Amino acid sequence: MGKGKSDHPKDVKRKEKAKMQLKRNIGYFDGVSFIIGSIVGAGIFVSPTGVLKHSLLNVGVALMIWTASGLVSLMGSLCYAELGTALPFSGGEYSHIKRGLGSLPAFVFIWTSTFTKPASNAARALLFAEYATQPFYGRCPAPQVLKKCLALAALWSLGILNGRSVKMAAWVQTVFTVLKMMALSVIAIGGIVLLLGGRKEHLARFEDAFGSETPNASQIAEAFFQGLYAYGGWWSLNYMAEEMKNPSRNIPLTVMTAVPAVIVFYLLVNVSYLTVLTPKEIVSSVAVAVTWADRVIPSVAWIIPLSVAVSIFGALNSSMFTLGRLSYAGSQSGHLPILISMLNVHSCTPAPAMIFSTTIASIFVIPSDLIMLTNYFGFSAWLMIGLTCASLIVLRYREPHLHRPYKVFLPVPFVMVAMSFFLVLAPIVWSPKLQYVYAFLFMLGSLTVYLPFIHFKLHFAFVDKITCYLQLLLEVSPADGSADSKYE
């Protein structure tokens, strides 16, 4: 009896400590909402013109490129599904690159992402502010100060929401995804109804779809690049794998639902645009969906700018959620300060990670010219996708007995690696700019931090005091379990 009593407090402590980890609160529908929410932003409403423009206004070629871009995105997401089910940890590509290729490539990834991803969130927040304020100013531009204040309010509202409750963040994501899909459905159904009406002007663009001038190889490649950009975000689910319910079942199922659904909607919406507008009108339009609404539903055309704002807000929520998980995973591995991987003692959410990523995004909002600098890091996204798919191949041969609930057909990651490196090199070769050199040097600059602080483990005592103070202030505690056992 005496021995049992003495063990009892330890058992209680162990149970309390076991609770300090991310909870599996994200189900199948939440996962679908996050993927669709990440992919569908403002682009399909505002500027789906890149593909058509580089296809030389050839309708048939443009629709084929939209389909092919979607299929490549699906191939990539299936590769990620294998990694997410075999290694269901927070951090997405970062976690997989660290496991497959080692610590240094993973650090280069998180070093680059710590700046480029918050900059992308800042750009989204400013775009949301643009569409949310414009109806109140008519044809006059809204004041820059107002837009920046609203962008900061959006960032911090979502940052606090994601830092306090995963369930609430997932609920917000589901609501905004449903709203944006309803708006896309209005456009898609409107186009189908007009097509079925059989009027000659509506059918004209499809009767001789391939009749226009055929683009050459470099133009097709550029159109393809634009199409893939529109599908960007399919990789988001792996960032939340640690919080998925039954990840071995739900990750592949979610991917196979969400990405094909986006492909179908993108095709239907493009067909609808082409039914109402000529290719020249589409390419010259500032906001294609608004022009479409003015023609088809003029009495309620205001619903489209509102839908764009809703769509951007949903994409911003999803992006902030995933970025918080990336910071959390990087900190758990020792690549970012330890405080960032601590969890709130009340909600078990990565509150410090959300504060960290939201603060950096806020810095980009204030002098928004900084966002322009990160446009030249576009190639880094495909570089990391290539490295992630290479990690899958390496793990297949190095860890053949690793439990893989889902396995992708092995040639698929080889195709993805080849395509990724083509997409990295193509813009640099076709239009070389000095800014690409700066971006590459910035990525190499990660070595100046990696070598002393990660490799040689240089540490300052005052950092521990600051960490302790902030830990008490934020009411956070280290997460249970070692990250090294996850990623290495």
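Using N, Cα and C of the backbone, Cβ positions are placed for all residues, glycine too.
Annotated features in TrEMBL:
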type: TRANSMEM; residues: 26-47; note: transmembrane segment
type: TRANSMEM; residues: 59-81; note: transmembrane segment
type: TRANSMEM; residues: 175-196; note: transmembrane segment
type: TRANSMEM; residues: 253-276; note: transmembrane segment
type: TRANSMEM; residues: 296-316; note: transmembrane segment
type: TRANSMEM; residues: 336-364; note: transmembrane segment
type: TRANSMEM; residues: 376-397; note: transmembrane segment
type: TRANSMEM; residues: 409-430; note: transmembrane segment
type: TRANSMEM; residues: 436-456; note: transmembrane segment
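Of the candidate ranges 26-47, 175-196, 296-316, 376-397, 436-456, 376-397 has the most C-beta pairs within less than 8 angstroms of the transmembrane segment (59-81). Note on the transmembrane segment (296-316): residues 37-38, 40-42, 45-46, 121, 124-125, 127-128, 131-132, 134-135, 154-155, 158, 172-173, 176-177, 179-180, 183, 186, 190, 194, 233, 276, 287, 289-290 of its chain, located 6 or more positions outside it, place their CB under 8 angstroms from a CB of the stretch.
Scored by C-beta pairs under 8 angstroms, the transmembrane segment (376-397) has its highest count with 409-430, from the stretches 26-47, 175-196, 253-276, 336-364, 409-430. Contact check: the transmembrane segment (253-276) against the transmembrane segment (436-456) gives fewer than three Cβ pairs closer than 8 Å, residues 6 or more apart, which falls short of the contact criterion. Panel annotation: around the transmembrane segment (175-196), residues 32-33, 36-37, 40, 44-45, 202-203, 206, 265, 268-269, 271-276, 289, 292, 296-297, 303-304, 307, 310-311, 313-314, 317 of the same chain, lying at least six beyond its termini, place a Cβ under 8 Å from a Cβ of the stretch. Within its own chain, the transmembrane segment (26-47) is flanked in space by residues 73, 77, 124, 127, 131, 166, 170, 173-174, 176-178, 180-181, 183-184, 229-234, 236-237, 240, 243-245, 250-251, 253-255, 257-259, 261-262, 265-266, 269, 286-289, 304, 307-308, 311-312, 314-315, 317-319, 321-322, which lie at least six positions past its ends and keep a Cβ under 8 Å from the stretch.
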